[in-house]
Amino acid sequence: MDSCHKIDYGLYALEILAQYHNVSVNPEEIKHRFDTDGTGLGLTSWLLAAKSLELKVKQVKKTIDRLNFISLPALVWREDGCHFILTKVSKEANRYLIFDLEQRNPRVLEQSEFEALYQGHIILIASRSSVTGKLAKFDFTWFIPAIIKYRKIFIETLVVSVFLQLFALITPLFFQVVMDKVLVHRGFSTLNVITVALSVVVVFEIILSGLRTYIFAHSTSRIDVELGAKLFRHLLALPISYFESRRVGDTVARVRELDQIRNFLTGQALTSVLDLLFSFIFFAVMWYYSPKLTLVILFSLPCYAAWSVFISPILRRRLDDKFSRNADNQSFLVESVTAINTIKAMAVSPQMTNIWDKQLAGYVAAGFKVTVLATIGQQGIQLIQKTVMIINLWLGAHLVISGDLSIGQLIAFNMLAGQIVAPVIRLAQIWQDFQQVGISVTRLGDVLNSPTESYHGKLALPEINGDITFRNIRFRYKPDSPVILDNINLSIKQGEVIGIVGRSGSGKSTLTKLIQRFYIPENGQVLIDGHDLALADPNWLRRQVGVVLQDNVLLNRSIIDNISLANPGMSVEKVIYAAKLAGAHDFISELREGYNTIVGEQGAGLSGGQRQRIAIARALVNNPKILIFDEATSALDYESEHVIMRNMHKICKGRTVIIIAHRLSTVKNADRIIVMEKGKIVEQGKHKELLSEPESLYSYLYQLQSD
């Protein structure tokens, strides 16, 4: 720690935190602008530098016991310059996961170790332009701007609700007049007038109620469409790391939670809230009739609320358990359907069925517990309602007998009380839905609150030439995961064909993911034509990079649509030319529908080799300046591979080509071969040059394949 003042760890921390939030940062520029005296970034200059990157930063003082309530990662600032990044807090285990800026590695600290390092100063960081900022966080407050946006429609709904409540107030008064005046004085003419008036009120009440439901459903449907569109756009904008760290079933289950929110918005819950808001009008009239009976109704309302509050935490836990089990089932189902060929080939259907039965039984049991608890909650509400009814009947009868209240007034009072209690009971009975929606919002927030790939402020540069430079690259997938690439320095010239080989797990594919800007390195820069990819628009880059993987996915469309996926308006001639280069034209021509043949889900209607050749054509059709083959020919038969290799000269012409291969014969004609081992470049040269070194790793791998 004594050497901390010699190195500017604040600058390094800013670089890491900016990259975490997908914000471009140039360390040299930051140092030039804010480290004017060359002593490193002080606290004030660090905050200014962060704000210049459009980061939302706030310095706070927090005791250790409050750290599990803050948004992480955050920078722990120390006076001696030995800052570190706090990434995770486990209060149960009293452990803290930090990123040690000095060691450039994650560390797990015990409580005593952390207390020795923590000085109480911490800097909270969020991206202003991304959904990680507090103002953009998806929770119940997200609906407030949506309501404001459609405020005109909601005001119309409120106006209609006012008239509905007035009509609901008139009806009990008519009944009171009939009971106390018409029946006593046998006033048939008055009865006829009241009947006609009541009929008019009923007709208008039905019309207004239907109109309110229509207006409300229309507005909530628009909010639903807006949320659904936002969700899908955000999902596609998430970085690759989000999907690689989660099961497909989990993501699908979270997206499906939108259905719960939709049902809640279009249900009776919100209209019940509106009805409840106008209850003060009824209370005023009820108080006029009988303060004693009104107090009984008033005192019952806290009972409804208390019972619901008592039930809700237990219900929420059980709903959470139900969701988790449903997500497990969803993941297992997706996995089983995806791996159906393996399951059938290995005859493990009974094992999979047993696992499914156990998981399904757990889900059904969790759902049964939710139903039982919800039933208990509803019966408790019914008990309160019946008890209040009995008390009102007894007390109301006493008031009528004593002459303090007429029979008509008692009937009118009970009708008015029903107008108040009915929405309360409805709200209490749908409390389960509200708890479910709360969980749905939280689960959906896992998607919508995850930072997307940053496009704001990125550079859309001119057409690239193909020069690629890796400069001092250090990379790991997660802060607590092993280093995948370590001190990579590599220059690839425009038009050069590079082969990358090595054992599995040596970092070959990771290197190409950095070229596509799927990830930003922990340290160092990836440059194309001298431009730092951290500052470049990902879409601009990926449109000019063609990639063919070992396992490519085709969409359930025609062959021509799959090949021209990135540019649907492309001419048929260009599609056919790309297919010929990929060796796919001949087999496509033999199909009954030719290029209009639907390939099926994930290309299920084609063989593995055919799918691979279409994927190669898809990568070539846009004439990319950089072409990456990641084990692209390993799934091809020898005849198809021969066609590809025969056309390789045409494929590589005018492009920078990177070929990753375990089959060394694929790269022996490359301009240069890069050999990787444990995340480092250990050898490079031409095929014959590498074989001339008998002790080299390349020679060893080549000898194994020759044998």
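Using N, Cα and C of the backbone, Cβ positions are placed for all residues, glycine too.
Here's what Swiss-Prot has on this protein:
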- 3-125: domain 'Peptidase C39' (DOMAIN)
- HIS83: active site (ACT_SITE)
- 154-436: domain 'ABC transmembrane type-1' (DOMAIN)
- 158-178: transmembrane segment (TRANSMEM)
- 191-211: transmembrane segment (TRANSMEM)
- 269-289: transmembrane segment (TRANSMEM)
- 295-315: transmembrane segment (TRANSMEM)
- 388-408: transmembrane segment (TRANSMEM)
- 468-703: domain 'ABC transporter' (DOMAIN)
- GLY502, ARG503, SER504, GLY505, SER506, GLY507, LYS508, SER509: ATP binding site (BINDING)
Message = In the three-state scheme derived from DSSP, which category covers GLY502 (ATP binding site)?
response = strand
Ask   = Looking at the recorded positions HIS83, ARG503, LYS508, which one has the fewest other Cβ atoms within 10 Å of its own Cβ?
value = ARG503
Query = So of all those binding-site residues, GLY502, ARG503, SER504, LYS508, which one's Cα sits nearest to HIS83 (active site)?
reply = LYS508
Query = Taking the binding-site residues one at a time (SER504, SER506, SER509), which has its Cβ surrounded by the most other Cβ atoms within 10 Å?
reply = SER506
Note = CB contacts under 8 angstroms to GLY507 (ATP binding site), restricted to the same chain and 6+ apart in sequence, sorted by sequence, are ILE484, LEU485, ILE488, MET676, LYS678, GLY679, LYS680
Query = Of these binding-site residues, GLY502, GLY505, which scores lowest on Cβ atoms within 10 Å?
reply = GLY505
Task = Compute the mean position of the Cβ atoms of GLY502, ARG503, SER504, GLY505, SER506, GLY507, LYS508, SER509, which form the recorded ATP site, and then list in sequence order the other residues of that chain whose Cβ is within 8 Å of it.
result = MET676
Ask   = Per DSSP, how many helix, strand and coil residues does the domain 'Peptidase C39' (3-125) have?
value = 46 helix, 34 strand, 43 coil
Request  = Summarise the model confidence on the domain 'ABC transporter' (468-703) as a single mean pLDDT, whole number.
outcome  = 86
